[in-house]
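Quick look at what TrEMBL annotates:
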{"type": "BINDING", "residues": "K66, K90, S344", "note": "substrate binding site"}
{"type": "ACT_SITE", "residues": "K102", "note": "active site, proton donor"}
{"type": "SITE", "residues": "D142", "note": "site 'Important for catalysis'"}
{"type": "BINDING", "residues": "T185, N216", "note": "NAD(+) binding site"}
Amino acid sequence: MNALAATSRNFRQAARLLGLDSKLQKSLLIPLREIKVECTIPKDDGSLATFVGFRVQHDNSRGPMKGGIRYHPEVDPDEVNALAQLMTWKTAVAAVPYGGAKGGIGCTPGELSRSELERLTRVFTQKIHDLIGTNTDVPAPDMGTNAQTMAWILDEYSKFHGHSPAVVTGKPIDLGGSLGRDAATGRGVMYATEALLTEHAESISGSTFVIQGLGNVGSWAAKLIHQKGGKIVAVGDVTGAIRNKSGIDIPALMKHRSEGGSLKDFYGAEVMEAAELLVHECDVLVPCALGGVLNRENAAEVKARFIIEGANHPTDTEADEILAKKGVIVLPDIYANSGGVVVSYFEWVQNIQGFMWDEEKVNRELQKYMKNAFQNIKDMCKSQNCNLRMGAFTLGVNRVAKATLLRGWEA
């Protein structure tokens, strides 16, 4: 089941539990606006190249729309649609005043020079500048884009609308980016893990962990869980996987990787089969890489008691059912990886106020938001008699439905 089908299925299940009217359900599912633009740029060799850009703006009942812009050869309207919808529920679960959006350009960033990427970003911004804005739609980085991409969007947008630092988040610090933003999603994963384990009278320091994926989210989650005394017994990335039952020295591993070393030649652990990583013995499994990695082929073999979804949609629907029967507790992506959007909200707030926070305040506020969201999900689980995934979805859908009705949906 792809991301769009899974998201729509979870929405329909949540809507049924909440008893939402079928007309309201339809209204909540259909995006507010879908934008498709042609972006033609001169390449460095003088030839012209044309790319297609998308922006799906899903819902604005709770505030401006929010979501990333990705540069990828397979930017597909269906996928962008699913991710925009997911952002609507995710921002509602986190209790930040946004709706969902998502966008992208169908291109291969690795095949474009820096100046070609800049021209492409500026042309895309020219085409959508009157449809984004501080109080309308606030983009952020995603796959294939970064802080520099946001700097170009900010600059191009400001030519039309005056200096507007709050039009994008995930900017460089020197242009109004927030301290703590880089670590935010990984730190949110750590706070979410803490909240779940506390609920079960356990703690990070007494638990063993397996982390799949050592990109931004996985590496920050690993560092922060290690700092809290968690024993990380196995990790894996695209190059392979390693294990050490006494615990991997995470700072030493990060230093090794920053110096260009791969997992396989790290001295403090032994190489293992990548396929065994997800079914390795541990208390907590944290998938932080691709979607669909837990499926009907491997779910029955999972030995972890808790799964924290650092990636988007790592557990497919069939795996969910198998894991539930085994008694494995899954903390859903819609909550577990929402630290990034929460700190994006803090960045937007700082830009609007023109008053920047220190990193300690950013982290303290993030912890508060993650703690409160977990409690709200638990309350929803009790009232709806459902698991954590459905608790999170009913919480998010209910908040958006309430805002839609309060604003006069049928007016």
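Glycine is no exception: its Cβ is also placed from the backbone N, Cα and C atoms.
It should be emphasised that the depicted structure is a prediction, and the values quoted were computed from it without experimental measurement.
Feature annotations (TrEMBL) mapped to structure.
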| residue | record | Cβ neighbours (10 Å) |
| --- | --- | --- |
| K66 | substrate binding site | 29 |
| K90 | substrate binding site | 27 |
| K102 | active site, proton donor | 29 |
| D142 | site 'Important for catalysis' | 20 |
| T185 | NAD(+) binding site | 25 |
| N216 | NAD(+) binding site | 15 |
| S344 | substrate binding site | 27 |
Distance from N216 (NAD(+) binding site) back to K66 (substrate binding site), taken between C-alpha atoms, in Å: 20
Candidates K90, D142, T185, S344, namely the recorded positions, that fall within 10 Å of K102 (active site, proton donor) by Cα distance: D142
Site extent for substrate (largest Cα pair distance over K66, K90, S344, Å): 13
Rounded Cα separation (Å) that holds between K90 (substrate binding site) and N216 (NAD(+) binding site): 19
Spatial separation of T185 (NAD(+) binding site) from D142 (site 'Important for catalysis') - C-alpha basis, Å: 12
Chain-mates of K66, K90, S344 with C-beta within 8 Å of site centroid, substrate: G67, M87, T91, A94, V96, Y98, G100, A140, S338, G340, V341, V342, Y345
Between T185 (NAD(+) binding site) and S344 (substrate binding site), the C-alpha gap once rounded to whole angstrom: 10
Separation of alpha carbons, N216 (NAD(+) binding site) and S344 (substrate binding site) (Å): 15
